[in-house]
Every structure is written in C-alpha cells, then in structure tokens.
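As recorded in Swiss-Prot, the features of this protein are as follows:
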- 325: active site, S-methylcysteine intermediate (ACT_SITE)
- 108, 112, 115: [4Fe-4S] cluster binding site (BINDING)
- 153, 154, 183, 206, 207, 208, 282: S-adenosyl-L-methionine binding site (BINDING)
- 101-325: disulfide bond (DISULFID)
- 94-320: domain 'Radical SAM core' (DOMAIN)
C-alpha cells in the first residue's frame, strides 16, 4: 500500500479530503484513526460510511508492520526489530532527544565493507507506508520529532518510496523539513530530484575517504563520483535549501584515520556549508576492522575543528545491544534462506 492507495481507500468509504487528512494525521501520530478533538467528536465529523469502514482500514494499516522485539540500550536509545507483512525484518532505532532512524530497504546492494546490512545483499525494497509505519510504531513509545533515513538500505536505490515517505512525514506527519534527513552514498539522481520536492530534507552524504580509490574500496558499488564531485553537488544543495550537509565518516583504525586524510577533509570542506560526523566503527563478528582509540578520536576532532571544519562524533546508538546497522536483524534471521535481488535492480 502506498500513500495514494490509502487516500483512495478512504475516499471509497465516502471520505472527503478534509476527512482523509484528519484520519491520516491521526495514524501518523500513532493515535486511533477516528481520533478527533474534544470540540468535535468523530460522530459529528466523519461520515457514517467512513466510521463503519475505519476498523477494517485500521486492521490493514496495522498489518503493514508490527513490532517484533524492542531492545533498550544504556545510552537512552532503543533498537526496534520490525516485522513486515511478508515476515521480512527491518530495524529502526529510537534515538535520544526525539530522533528515529528508519530503514528503506531489506538489505542493501552497495556493499559497504564496514556495514552488516550489505553482507546480505538487497532482498527487497521497503514501501513508503512501511517506512512511515516504522515512525508510527515508534511514536506509540515516545515522541518522535526527527526522522533520519539512515537505517538498513541505500535510500537513493528506493527513491520514489523514500521521497513519498518524506513528503507524508513533512506534511501530515508534522515533522520539520530540516528534521527529515536523507542519507546517501551520493547517487546523482538524489541531487536532481531533491531540489524539486515540496518537502526538501536535510542531506547526509557518506564520504569515508577523500581518496577516490580508497572510497571505491570501502563502498564498492557506490556511484563513481569522486569525493570532490560529491562535495560540489552537496554544497549546491546546501546553499539552495539553506541548511548544511552532514558528511559521514566511519572511522577505521589504520585505514582512514590518518592526518593525511584529515588534511584531505580540510581541503574539501573548509569554507563549505557542512558538518563532519566522525562515526567510530562498530565491530562485527568475523571482521578485521577496528575503531581508533578514544584518545585518537578526540585528537582528530580537535584537529579538524581548530582548523575550521565543524566536527562531531556520532557513536552508533545502542552499542551494547547489536548497535551497528543490520546486526540485530542478522542475529534474528540467522539460518534462514533469503533470496537476493541482483544489484542492477537496485
């Protein structure tokens, strides 16, 4: 089911646009579909046919996604394992201070070497209402004021569904445009389409290295944009929407944590409308990568910040409960057979 399908379903029951808007807003807030106001109860506002049909619509919406399990962490975050209608699993993460990270694909075709999700390949796309349903489930647990599309999957490979979800959340969902964050490895289609949208989200770009060859090794199936081209495209979007680009950099000890790389960041980002997010690597079973020491991370932040690049450390939420993206799902689906979608269909 997509957004237009939901509106058509309600229209078939006799709902006018005003009724549809109120019903959809109630769902997006995690409330009952017939939730109205103290001054105007449902029986005074919704047509009889709509009221009679809402229980079935509610059941259909509940069937889009359900909470399989919740895993609270010591840092105030909570990782949600969400089961979709076909029993596929995705992860979303409730973050401190009202944030939520949602998944846009089951699996991923980019194959980043430091990401658990990429190990499974792409299994299927997540529909727009399946993304929104992750927000609904989260809002039933705590307030959600910011949604980042940084969970499982590459949003640019599911662009229509992601943009539809962003539009719905940025209008009826009541989330400010700057508080909707589209994360991508840098697909050119993103830079073409985002400026044309009614809801223009903030943008996070996966950089990870200023050396083109190393970046290709770390993100083997990312579009062939050089780091310089990626930053130029990001800067153009930032100036158009008037909020900075977030550049993502997973810190891997001995690989991309050298001062030479930090100087490369200064060369690319100094004077740009940008924030550099350094993300200490979250280890996975059976890999050879490690995060730098805490002292080294502090040194790198100070090095960049003191030379004119706003730099923050973004630790993976819930590190004590399989905090890296895709790790919780991998543990839950261990031993089950899964069919991958070839990368060319991504």
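From the backbone N, Cα and C atoms, a Cβ is placed for every residue, glycine too.
Given the structure is predicted, the values throughout are model-derived calculations rather than measurements.
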Practice problem: By CA-CA distance, flag whichever of 101, 108, 112, 115 among the recorded positions is nearest to residue 207 (S-adenosyl-L-methionine binding site). | Solution: 112
Exercise. For residue 154 (S-adenosyl-L-methionine binding site), just count the other CB atoms lying within 10 A of its CB, please.
Key: 29
Quiz item: Which one of these binding-site residues, 112, 207, has the sparsest Cβ neighbourhood, judged by other Cβ atoms within 10 angstroms?
Solution: 112
Practice problem: Measure from the Cα of residue 112 ([4Fe-4S] cluster binding site) to the Cα of every one of the recorded positions 101, 206, 282, then give the nearest. | Solution: 206
Quiz prompt | Whole-number Å value for how far residue 101 (disulfide bond) lies from residue 154 (S-adenosyl-L-methionine binding site) (Cα to Cα) | solution = 13
Quiz prompt | C-alpha spacing of residue 108 ([4Fe-4S] cluster binding site) relative to residue 206 (S-adenosyl-L-methionine binding site), in angstrom | solution = 15
Exercise. Find, among the recorded positions listed as 101, 108, 115, the one whose Cβ has the highest number of other Cβ atoms within 10 Å in the structure shown.
Key: 108
